[in-house]
Each structure stands twice: as C-alpha cells, then as structure tokens.
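Residues annotated as transmembrane segment in TrEMBL: 15-36, 86-119, 126-143, 149-166, 173-198, 210-226, 233-249, 269-289, 301-319, 325-342, 363-382.
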Amino acid sequence: MIKNIFSNIANNQKLCLFLIFALFFSIFSLIQFSSFNLAGIDPYYHIKYAELYRTLGIKETLNNFNVGKYTILNQYPTDLSFFYHILLIPFTFGNLIIGSKFSAILFASLIFTAFYWVLKKFEIKYSFFWTLLLFAASSAFIFRLILPRAFVLSILLLILDFYLIIKKKYIWLFVLSIFYALTYTASPLILVIGFIYVFIEYFQTKKFDWKLLIYPAAGILIGLIIRPDFPQNFYIIFAQNFYVLFYKLKGVRLNIGAELYPISASLKTNFILLLLFDLGLAFLFVDFIGQRIKKDGLSLIRLYAFLLAIFFGFLTFISHRFFEYWTPFTLLFAAFSFKYISENKYWRSLTAEFLKIARVWPRLKLFIFFIFCLMLIYSGYINASGAITSLKETDFPFDKYQGAGEWLKKNTSPGSIVFNASWDNFPQLFFYAHQNYYLVGMDPTFMYLYDQKLYWFWRNITEQGIICSQPGNECRASAYSEKLSQRREALYKLLKNQFQSEYIFIDNRKFDEQSRQHQIFKKIIEDSSLFEKTYQDEKYLEVMIFQLKDK
C-alpha cells in the first residue's frame, strides 16, 4: 500500500516538483522567520529600492536615488539588479522586511526545484536524494541562499542554462540570456559556460556549434540595451566586473566586501561537497588512465560538469562570492559521475564482482542507506542551525539604524548629504531614510573610480584619523603626528567644502574586545567646538550622528 503510494508520487513529475518546492519552502521559512533580522546588509537596500520603483516609478527612482553621492553611480545612474528589483515589487505591499524574507524563501526554493528538475530530465537515479545533498553539502551555500539578493536568481538561471546548453534549446537560451542580463551583472558567465561545452563537443566530434554562443550573446546584448539605464549600464557593469578584480590583483586595498576575498577556512566545514568532488574526480581519473572515456553523450556531459566545477572552484579561490555556483555544479558533476559508472560496462562488471564477494550485500545496502540518511539529516540540521545563528547574531539587527533614520527624516532636508563613516552603513540607512544622499554605499570601488583623492580622504580620516589624500602607507609622517585640534580644523573644512556635508554618521561597533571601528575618528569630532553630537541611539549606543556647527 505505502509502496504503491510512493511509486505513484514518483511517477507524477508535476507532483514531485510541487513537493520538492513545498519542502524547501518550508525549510527556508523556518530559517528566515527564526529572527526578524535580514541576512547581510544589502537586502535592506534592495527591498527599499523595489518599493521606490512601485511608488515613484522607475525613471524617478533611477535618477534620484543612487548608491552614493560621490561614486560613479551618481554620474552614471544604473540599477545593477534592475529586473530583480522588478520581481521584488509584489513583496513591497506590507512590511518590507517580511516581504524581503518571502522573496528569499521563494527564490531559494526554486533553485532546489530546478536542480531536481534538471536531474530528472537527465534520468539521474535518486534525484530526490541528490537534491537533499545540495542542501546538506555546504553550510556556506545555505547561508548565501538566505541572503535576499540578485545572485540567488543568477544561480537558478545558470542551472537552467546548463540544461538548455546540453539540450541545445537555442531559443530558450536566447530568452534566458535576456532575463539574465536584465537581472544580474555577471552575464559573461553564460558565454563562458557555453564556450566550455562548445570546446568539449568540438574536441569529441570536431563540430563547432556556434549557435550555443551566438544566441546567448544576442540575448545578453538585447537585455543590456532594453534596460532603462542604457547606455550607462555598460560602463558600470564593466567597472564592477573588471575594476574590482583589477584593483584587487594590483594590490590596492579598497576595503571591499568579505565575499570578494578568497574563500579559506569555510572549505574545511564542507566535507560532503569535497568528498563528492573527490569521488567524481577519482572515477574520471581511473577512466582516463584506462582509456575508457568514450565519445558518447553521457561522457561529454560528465566531462562538461567536471570542467564547470573546476571553473567555479578556481573562481571561488579568487573570490568567495563564486562559492554559490561551485556547490550546485560540483553536485551535478558527482551525480553524472555516479550515473556514468552505473551504466558503464567496466564499472558494472567491477560492481558485480564486488557483489559476488559481498554476500551480505542486502544487509550492507540497508546499512549504507541508513548511514547516508543520518548523514543527510545531521548535515542539513547543522547547515540550517548555522543559518539561523547567523540571522540572530548579525552585526546589523533590523532596527539598528531605525532611530538614526527617523532622526534624519525629521531634522535634515531632502537631498542633504550624510558623511557615513563606513560604506556598509548605507543599505540600512537608505532603508530608513532614503531622502538623504550618502557618501558611499554597496561597493567602495565606485567611489575610488569617481575620485581617488576624495576616496583616500574618506578612508584615512574614518579609519586612521588622519587628513591625507593618498593610501595610508604613503601619507607623510607629519599627518600622524598632527594635534587633534589641527585635525579637527582640517576635517571641518574638508567636510564643509569638498564633501559638502553637515552630518556625520558613525557606527562605532566593536572590531574585537580591545578596539572599535572608528575610535580615532570619533575622538577627533567629539568634545569639540566644531562638531555637535545631535543623536545617539538608546539601544545601540555605538550609533551616533554628529553635526557641523556654524562658525
């Protein structure tokens, strides 16, 4: 009876897809609503920007609400996540934080549903368990999925792109590429993963399928052109994809987000992912040494998935943000590897010999299945618990800048410039007080590209308490030895004349038990006749606003 029920469910693909979606929708709901905080800082900006699209219109929002007064985004108004913000609009009717959480739940659930769908399309056995493995394999991956940000849609689209490339669905590749270019800035990835497949296929069949490159390229171009921020979006997207990496490799320390640095210790906590990759690699190596790699469709797909895992693994060691791509493509490589060995004559004969020796196989099989289920449950629980902990223990609780935002609304005029001491203050400040301009936000590279001297003035005064327009290690020794009174006077003139700002926002949060983020900067502006502390949060005492006094 029960066996028949499960059999009927397994044979109903639409029902299976719905159940997979419902399962992960429930799991991510439990994670998201374990706390009212949003994961990370950027989501506050994204959901607010979507609300402004709904209430003010796209053109008005693009031209008047940009990320940073002194950044290239002010010169070239661009919405890097345009279509993502359009998709967020239905979630802006009501509480924005709850809406943001529901959007994250929806898009994360769709990733697992799409992953399962792709596996079923390629007739991968135990697709449900491979999908569960995607959740259990990596704590870092699950943390990234609870972030309500555009890259989550990028993961979804690239998984679908993988299927469309192999099946050579040219028109759908064209359509998907349009949506990708509208949604996210990493559209070159579509061309790269398309080229990898074309290269492998040419190596095996000596046929070059140019359509797998032309159709996506045309879709990307059209997607970029029909955006409302065309043509300035070309420069901004180029700046984000090229200059961020260029300055990083050049050794210019721009204090970029942690996700742009190489992944390190977190790899050690993702042992399931590494184990599956190593097993797939071992099978591939044995076949290569034994010259058993055939020129058939399954061999091509396995090799393709392997090269994609290698490609995204390489990018992950350059920048942490690519880990979310490496995880699903490594699982796809492992899944196709196991499919290959289950259908290959050599591996099947080897398995048969093993089964002859292992007469206790039925019991052993049950034991292995039991251990596998325990591993899935334990790893999934650890990953979910880690995500919940990260939500509850964030450095940016949902109400941290609420009081400061309300003060800015009441006491400053629209369009007045707030000197935010750290770029990561911006998203939540924008969420609560969007009528102000802020110095810099989202990515400090955009300020560096706008004006390098202004950037170093901002970095040096907020981080080291010195007035200098060069990198800190190149500043003259006298800049560090100036009296505080001299620095106050210089800072006052700098804020008044060059930054044209009368308000300073500081989140003097702890770096560790001994130091805080803006200790020297705070010391310079407090207890001074030139600056007045006009706001200090009652709950978060480290959150303060200072105002320049009239001379």
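In case you wondered, yes, glycine gets a Cβ from its N, Cα and C as well.
The stretches the transmembrane segment (269-289) and the transmembrane segment (325-342) are in mutual contact, each linked to the other by at least three Cβ pairs under 8 Å (pairs 6 or more apart in sequence). The transmembrane segment (149-166) makes no contact with the transmembrane segment (363-382), as judged by fewer than three Cβ pairs under 8 Å among residues 6 or more apart in sequence.
Using the rule of three or more Cβ pairs under 8 Å, pairs at least 6 apart in sequence, the transmembrane segment (173-198) is in contact with the transmembrane segment (210-226). Highest Cβ pair count under 8 Å relative to the transmembrane segment (301-319), across stretches 126-143, 210-226, 233-249, 325-342, 363-382: 325-342. The stretch with the most CB contacts under 8 Å to the transmembrane segment (325-342), chosen from 126-143, 210-226, 233-249, 363-382, is 126-143. Among the stretches 126-143, 210-226, 233-249, the one making the largest number of Cβ pairs under 8 Å with the transmembrane segment (363-382) is 126-143. Long-range contacts of the transmembrane segment (210-226) within its own chain (CB-CB distance under 8 A, at least 6 residues past either end) are made by residues 165, 168, 170-171, 173-182, 187, 190-191, 194-195, 197-198, 233-234, 237.
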